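Visitor: A single structure is presented below for examination.
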Amino acid sequence: MIELEFHDVAANTSSTFDPEVAYANFKRVHTTGLSYDHIRIFYIKGREIKTSLAKRSEWEVTLNLGGWKITVYNTNFPGNRNNPVPDDGLTLHRLSGFLARYLLEKMLKVSEPEKLIIKSKIINPLAEKNGITWNDGEEVYLSFFPGSEMFLGTFRFYPLAIGIYKVQRKEMEPKYLEKTMRQRYMGLEAATWTVSKLTEVQSALTVVSSLGWKKTNVSAAARDFLAKFGINM
């Protein structure tokens, strides 16, 4: 006779992951030698990377992004999604958010020539396909990157506003706002900032709602080219 034995497993009722601490660790450990070209590869190949990881069962995978190597925990593989990730560990989602913040910090402090270099190299596919460009503001543009919602204060609530707008337009299910609604804002728990920062969220939503949203399959480079002939898309 076969005996099947089962034991109760204590549920993880609260997360100890702190995006601010994790981001500081990321900058300290992983940004030496990091270039805008490496970040460009990560974002323009984002869908391909995600698809590749979803097909591999390995828990830890090293990504080689044009020579910059970074190891991530593969939560994209269905069988790995419930695996606990260390607080200082990187996932594809965390890495995306960290790089978005890294770029914003650069944009806010570097020289104008370097800003132009960043804008020429970094393309946000999720923003571009909705007709949103760098001209709409760096905070807005970078807020379209997954993971930016970890830093609602840094990005001035734009990641949340983008999500709310998409839900209002029936372009996204409300359930996808859950992760954003669990985030802190400048140290404030969600239960606090959802009450005290309502005006700020509404202001961010006003900005997002006024953007020139339009679905397009034309690349940013193609739009710039056509604009020279008086064709705006």
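We count from 1, first residue shown onward.
Just so you know, glycine gets a Cβ as well, placed from its N, Cα and C.
Here's the feature list from Swiss-Prot:
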BINDING   14-15, Asp18, Arg47, Lys50, Thr75, Arg81, Arg94, Ile123, Pro125, Glu128, Lys166, Tyr176, 182-184, Asn217  RNA binding site
Visitor: If you count Cβ atoms within 10 Å of the Cβ of Pro125 (RNA binding site), leaving out that atom itself, what do you get?
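Guide: Within a 10 Å radius of the Cβ of Pro125 (RNA binding site) lie 16 other Cβ atoms.
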Visitor: Count the Cβ atoms, other than its own, that fall within 10 Å of the Cβ of Tyr176 (RNA binding site), considering every protein chain shown.
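Guide: Neighbour count, Cβ to Cβ under the 10 Å cut-off: 11.
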Visitor: Let me check the 10 A CB neighbour count of Arg184 (RNA binding site). How many other CB atoms are there?
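Guide: There are 17 such Cβ atoms around Arg184 (RNA binding site).
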Visitor: According to DSSP, collapsed to three classes, what secondary structure does Tyr176 (RNA binding site) have?
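Guide: Looking at the DSSP assignment, Tyr176 (RNA binding site) belongs to a helix.
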Visitor: Near the Cβ of Arg47 (RNA binding site), how many other Cβ atoms are there if near means within 10 Å?
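Guide: Around the Cβ of Arg47 (RNA binding site), 11 other Cβ atoms lie within 10 Å.
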